[in-house]
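Here is what Swiss-Prot records for this protein:
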type	residues	note
ACT_SITE	D65	active site, proton donor/acceptor
BINDING	H12, K16, T38, G39, T40, T41, S59, G60, H92	substrate binding site
DOMAIN	1-126	domain 'MGS-like'
Amino acid sequence: MADRKCLALIAHDQKKDDLAAFAKANEAVLSKWKIVATGTTGGRVLDVCPALDIVRLKSGPLGGDQQIGALIATGDVDCLIFFVDPLTAMPHDVDVKALMRLAIVYDIPMALNRATAEQLIDFRRN
């Protein structure tokens, strides 16, 4: 399955459990993807879905967001799911904006909440 599409997963602290629940509910579909994730988010998803193929990068505030951004810029990420917490101020908010900008510049689909993520993986199922 070397030609699998690559999905990037990121979640703010208050949304990590939501992303893990999303992954568990969609584990069969996600198993068809190569997944990259920021460190803590990837760990949380692996806790509930240990069979998924997830490459864990650095934690978001330590550069994981930038690592995913670099993968987007090199064409190595096909879709981005980023569960954003809009109610909590983030000291690294500029990283979020940078990822959104890269998703737009490189024209990859990006979901910011579960409803959109469900639609994205359903659409990309084939």
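Cβ atoms here come from the backbone N, Cα and C positions, even for glycine.
Between D65 (active site, proton donor/acceptor) and S59 (substrate binding site), the C-alpha separation comes to 8 Å. According to DSSP, D65 (active site, proton donor/acceptor) sits within a helical segment. In this structure, the binding-site residues under consideration are T38, T40, and the one with the smallest number of other Cβ atoms within 10 Å of its Cβ is T40. Neighbour density at the Cβ, taken as the number of other Cβ atoms within 10 Å, is lowest among the recorded positions S59, D65 for S59.
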